[in-house]
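Heads up, the thing below is written out as C-alpha cells.
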Amino acid sequence: MISPVFILFVSFLCHVAVAGRTRVCPFAGILENGAVRYTTFEYPNMISFSCNTGFYLNGTNSAKCTEEGTWSPAPPVCAPITCPPPPVPKFATLKAYKPSIGNNSLYRDRAVFECLPHHAMFGNDTVTCTAHGNWTELPECREVKCPFPSRPDNGFVNYPAKPVLLYKDKAKFGCHDTYSLDGPDEVECTKLGNWSAQPSCKVSCKISIKKATVIYQGERVKIQEQFKNGMKHGDKVSFFCKNKEKKCSYTEEAQCIDGTLEVPKCFKEHSSLAFWKTDASDVKPC
Ligand SMILES: *[C@@H]1O[C@H](CO)[C@@H](O)[C@H](O)[C@H]1NC(C)=O
Ligand SMILES: *[C@@H]1O[C@H](CO)[C@@H](O)[C@H](O)[C@H]1NC(C)=O
Ligand SMILES: *[C@@H]1O[C@H](CO)[C@@H](O)[C@H](O)[C@H]1NC(C)=O
Ligand SMILES: *[C@@H]1O[C@H](CO)[C@@H](O)[C@H](O)[C@H]1NC(C)=O
Ligand SMILES: *[C@@H]1O[C@H](CO)[C@@H](O)[C@H](O)[C@H]1NC(C)=O
C-alpha cells in the first residue's frame, strides 16, 4: 500500500527536477540589423550581440540567461547611426543635401558643397556621414585674387575693368598683324592665384613657295591659297617629295616656328613653265 504522503513527496521531487531542466530563456537568436552569438539559451549561458555597419548597439553587447529564465540585462537593439545636419563652411553653400531621417542623415549619406562666386574650393566638395556620427572633413572656400595679366609683346590683352581680378575671371589675348598667338586666346584665373596660361605673340611665317600642294590638318590644300595671310606659329604642313629610283612620292613635315618655315630639302618647286613635269603630289605614294 503506497501512502499518500509518499505520492506527494514523489510529485514534489518531480517538480524540482522539471524546474531544473526548464531554466531556459526566451529565444534570442535574432537581432534586427545585427547578429547574435550563442550556444544555447539555457541557464547559465551568455550570448553576445553585434550590429551591422551603419548601426550601433543601443544596450549591452552581451546578456546572461539567469536562473529565473530571463535575460539580464535585456537584449539591446541595433539603432541606425545618424549625423546631424552638416556645418556649412564659410563662403560655401550646400549644393546637394537631403536629410534622410527627420533632420538627420544616415551613415554613408552625402552632402555636397559649392563655393560662393570667386571663391575656390580646397578639399573635397563631398562630405560623408561616418560611423562616428560626424561628417568627413569639410572643404574650405577662399577668395582668390590674380594679378593683372601683362600685355604680350606685339599683342594685346583684355580683362574685366575691376579693381581686382578674382578666381574664374577671364582674360582674352590677341596679336597684331603678322603675329599669331602661341597659347590659348582665353585664360582663366586659377585657384592658385595665377593665370591658366601665358600666351605670347609669335611672328607668322611668310610663304616663299609660289605653288605647292601640301597636306594641312589631314587635307590636301594649295599652300599659296591656304596661307595667303601667312602661316601661324606652330602650324604644320606636309610637303610631297619624289623618290626618283622608285618613281613614287612620300611626305615630309615642316612647322612654322616664330616666323620660320623650313621647307624640306627633298621638296622641289617646279617653274610654272615646266608643264610637262608631274608634280610630286600627283605621283603614287611609295
Ligand atoms: C535606446 O535604448 C533606450 C532604452 O532602451 C531607449 O529609450 C531609446 O529609445 C533607444 N534609442 C534608440 C535610438 O533606439
Ligand atoms: C527639425 O529642425 C527644425 C528646426 O530646427 C525643428 O523645428 C524640427 O522640430 C526638427 N524636426 C525633427 C523631426 O527633429
Ligand atoms: C571626395 O569624397 C568622396 C566621398 O567622400 C570620394 O568618393 C571622392 O573620390 C573624393 N574626391 C576626391 C577628388 O578626393
Ligand atoms: C569624427 O569623430 C571621431 C571620433 O570621435 C574623430 O576621431 C574624428 O576626428 C571626427 N572627424 C571629424 C572630421 O571631425
Ligand atoms: C601657377 O602656380 C603654381 C604654383 O605656384 C605653379 O605650379 C603652376 O605651374 C602655375 N601655373 C601657371 C600656368 O603658371
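In case you wondered, yes, glycine gets a Cβ from its N, Cα and C as well.
The disulfide partner of C78, as annotated in TrEMBL and taken from the candidates C51, C65, C115, is C51. Which of C115, C189, C201 pairs with C146 is settled by TrEMBL: its disulfide partner is C189. Contacts of C51 (disulfide bond) defined by a Cβ separation under 8 A and a same-chain sequence distance of 6+ are given as L31, N33, G34, A35, L57, C78, in order along the sequence.
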